[in-house]
Amino acid sequence: MNHIVANKIQQILGYTFTHQELLKQALTHRSASSKHNERLEFLGDSILSFVIANALYQHFPYIDEGDMSRMRATLVRGNTLAEIAYEFDLGEYLQLGQGELKSGGFRRESILANTVEALIGSIYLDSNIKTVEELILKWYEKRLEKISPGDTQKDPKTRLQEYLQSKHLSLPSYFIVEVYGEAHNQLFTIHCEVSTLSTSFIGKGTSRRKAEQDAARKALIKLGVE
């Protein structure tokens with residue numbers, strides 16, 4: 001990784017590494033090198049779970065353990081981490097083996113989610129728990145502001161359907177527009193049409209379901225529900 005690329009990704013992350021080799025390792029998939037990011041991912045997963053659990057405990061003093069567990073699961077699950085990775089354009093910085101590169105690993109949700117966890121682990125090792133906690137809370141600031149006990153744990157398709165039903169409006173329609181890639185590594189493009197809105201919403205994902213959820217999420221934002 002050259003100096004310019006390293007500086008760019010650190011600017012995006014909001015953190016400058018003292019030990020640059022930790023950044024490189026966090027971005028290295030096992031297909032590219034024996035010095036890959038899986039151990040960092042293991043560490044980052046535990047740190048993320050703790051930081052989010054503590055944030056929920058502090059922000060919601062009157063809710064029970066069950067609600068906190070569901071909210072934490074929503075915030076640390078793979079697709080949420082992948083969303084953060086997309087926001088950071090992490091796919092551009094991944095070190096992948098030729099096989100993974102050709103099969104589109106740079107956009108695979110699981111690889112992106114694991115990389116976010118690995119970065120958390122690497123930042124902790126490069127600094128301390130206080131620094132990485134502050135950074136995670138910055139990354140999650142808007143998500144922590146929006147989340148609340150109850151129906152926010154439902155997926156976007158369900159929330160969109162329930163919202164439209166509550167307004168006595170027609171249910172949304174989903175159409176496959178494109179399927180790209182080989183059978184084991186496909187990227188789906190879906191259009192979601194809502195009768196009350198003049199535009200359709202494009203969703204993408206590694207499965208039809210994920211693409212539909214992505215499109216529904218965009219419709220909810222347009223409707224002002226999220």
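Every residue gets a Cβ built from N, Cα and C, even glycine.
Within 10 Å of the Cβ of ASP45 (active site) there are 19 other Cβ atoms, across all protein chains. Residues or ranges marked as active site by Swiss-Prot: ASP45 (among others).
Feature annotation from Swiss-Prot assigns active site to GLU117 (among others). A helical conformation is recorded for GLU117 (active site) in the three-state DSSP classification. Note: GLU117 (active site) has non-local neighbours LEU40, GLU41, GLY44, ASP45, LEU48, LEU81, i.e. same-chain residues 6+ apart with C-beta under 8 A of its own C-beta.
If you look up Swiss-Prot, you'll see GLU41, ASN114, GLU117 marked as Mg(2+) binding site, on the strength of sequence analysis. Secondary structure from DSSP puts GLU41 (Mg(2+) binding site) in a helix.
According to Swiss-Prot, the feature domain 'RNase III' maps to 6-128.
Sequence annotations record features per position, and here Swiss-Prot assigns domain 'DRBM' to 155-225 based on sequence analysis.
Counting only same-chain residues at least 6 apart in sequence, those with a Cβ under 8 Å from the Cβ of ASN114 (Mg(2+) binding site) are ASN37, GLU38, GLU41, LEU81.
Across the domain 'DRBM' (155-225), DSSP classifies residues as 27 helix, 21 strand, 23 coil.
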